[in-house]
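Heads up: the structure comes next, in structure tokens.
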Amino acid sequence: MKRYALTLLFSLLCLSPYNLVFGNSPSTAGAETFTVCVEAENSTGDGPITEDPNASNGKTRGAQDNWNHYVEYEVNDVKVTGSHTLKLRYYAAGNGVVNIMVNGAFGIRVGLPATHSWNIVWAEHTMNVNLNKGNNKIRIMGEPFYSPVRQDRICVTGSAGNEGPVSCDFNVTVSTSTATPACSEEFTLDAGCSGPGCDGLVYSLVGSDISVTGQSAKVNAPPANGTYYYSVAANKEGCPGKVANTMVTVTSCTPDPEPFTACIEAENSNGTGPITDDPNASNGKTRGAPDNWNHYVDYMVTGVKATGWHLLTIRYYAAGNGIVNVIVNGEFGIRTGLPATNSWNIVWAEHTLRIKLNKGDNRIRIVGEPSYSPVRQDRICIRGDGGPDNPLCDFTIEATTLNDRPVCSGAFTLRAECVGYDCNAVTYQWSGNGVDKPGRFIDVNAPASNGTFAYTVTAVKDACAPKTSTVNIRVSNCGGVQEPFSTCIESEDVSGSGPVSSDPNASNGGTRGAENNYNYYLDYPVTGVQTAGTYQLKLRYYAARIANVSVSVNGNIAIASAQLPATHSWNIVWREETLNIPLSVGNNVIRIQGLPGASCRQDRICITGGGQNARMAAPEAGEEGENILSLQAYPNPTRSEFKAVFQLEPGKIGTLSVVDMKGRSWHERQVKGKGTHQERINLEGAPSGIYLLQVKKGDSLETKKILIAQ
């Protein structure tokens, strides 16, 4: 089936004059008004604050090279619930689009015309928003593929009297005069509304080759067989927009027997990447630079036979895994990964994806993304007939939070990330721990008790099955009974005097120590301890003969001499020894120092416990050889695919995840315990670097470092 409505709706909403909010607000003439202005630099946000003598108060928020920032303005003491005028003062070098979310509700998409300046010429844009009496939060966030916006301030004006609120209690419908029109036959689209809030609505009808404003329109059926979707968008100032969908089925068209095909060379297209000779290229030349991802190529595709879906094949070179955005006719981009060819100019590869083209002429822009390998483009080939396709449900979601350990009852933000071609018109609903709120980004408060808590987002799109994702937070500072503390620290990641050496049998592939010199120490930092008391330190090590070490905590001797039984090996057989040590609240440093005698090769330490009082005992016996209970990964290093091997009690639910060193999630799924697990994970598209493989089992977390080497 073909589905046009959702993509075309975005096109309609982005037309000049860029304001995507329609309708008329109630008149406040003659009434006393409420007015307040709030500066961006005095508000919560993640954009940098910079000085600007042209700003309203000398400062602004935003980054010139990054659209992905928000400012959250607090507008307090609003006098009356209802429609208010919001005036945003801003700078934007190019046309920008922002999402405006009021009190966590579904966002209003607003276009901001370019000021053609980042710090000299500012502009103001006015729209209407619906505010509650009392305190409100207005979050203004940039959108991808548009110019970054530098926010200066907002001013809000509304009634200070007893004016009634704008009614947003309405529902819209859309119907057709026939559900089965003949090929290219004319039929009628009609929009309807029910509920007390229907007054003042503006209707937009969109679909196959139509985008008009009005409650009714005559259209022609598409000239190709298939199922086609049409939508009505109903908007009213101060209210979130609402959308309804319908469809028609065309079966009487005679299809073109020959699909459309075309190939276009990168060097014959407009773009910013340098053109270089390459005897292995399809036509002897390519576009791109090996040290710069920030290039694009604009391919012109002419003479397409029918509007609809086509296959796009990209021929390219990439020394490492690359990511590109494919933008068709200026519409929302398709983010796609390009596996490494491990060559910049010898070995090429092809990658195929699905795109929607219009009948006639089209422009396809392929542009690189930051933090990934540059891509050298050779050519593209298009093939397709625009024929029927299934409803567009090609999207995946991921629930995330930037703060997974909030303070007791503290505020944090839940975020739903959507990836895929069909993220348009997806709605989000959050649940868990008393939360029942819509929105892609919502602010909530952590529970007032210790524990691990799950929040689930459900993504819904018309004609698609709902999709869900869950994120966990951990609260451990509410007093009372604390969750057990658990952490592991690799020897090769800490400071000390012992040399680092590779070891395929080590927990993370490296150890510290010298075979013929006992006199080395390592300082292990242990952070986030919630309760002072006695904890268990488990040292994983190698020692050809019996070795002795001292253990100090925060500069104080905790164990003057601990005997470590021999593993009878310096680099093959390891052993774990458990010691009891005292830790303070907050951050601690544990130093393990070799004593005269045999050398000890340190691998890692793991700290567990709840800070309870315990006897400072002698070391406990450990097990020799491989610890089958610990998390392992094979092979490690790997190019993309590996097996995670771990234990999970039958019937128990765990979470298997992979994150990079910046905290970005690359893989996450739930697993049901069956004893010993061997779970295959593929990180295709992930750039080279160190990643953390994690298994969460109830209150414990096991971590293993993975090296992706392309």
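Every residue gets a Cβ built from N, Cα and C, even glycine.
Look at TrEMBL and you will find 53-63, 268-285, 498-512 tagged as compositional bias 'Polar residues'. The domain 'CBM6' feature in TrEMBL is assigned to 487-608. What TrEMBL lists as region 'Disordered' is 42-63, 268-287, 490-512. The feature signal peptide is assigned by TrEMBL to 1-21.
Tertiary neighbourhood of the compositional bias 'Polar residues' (268-285): same-chain residues 292, 294-300, 315, 345-348, 376-379, selected by CB-CB distance under 8 Å and a gap of 6+ residues from either end. In the predicted model, the domain 'CBM6' (487-608) has a mean pLDDT of 87. DSSP assignment over the compositional bias 'Polar residues' (53-63) gives 0 helix, 4 strand, 7 coil.
According to DSSP, the secondary structure content of the region 'Disordered' (490-512) in residues is 3 helix, 9 strand, 11 coil.
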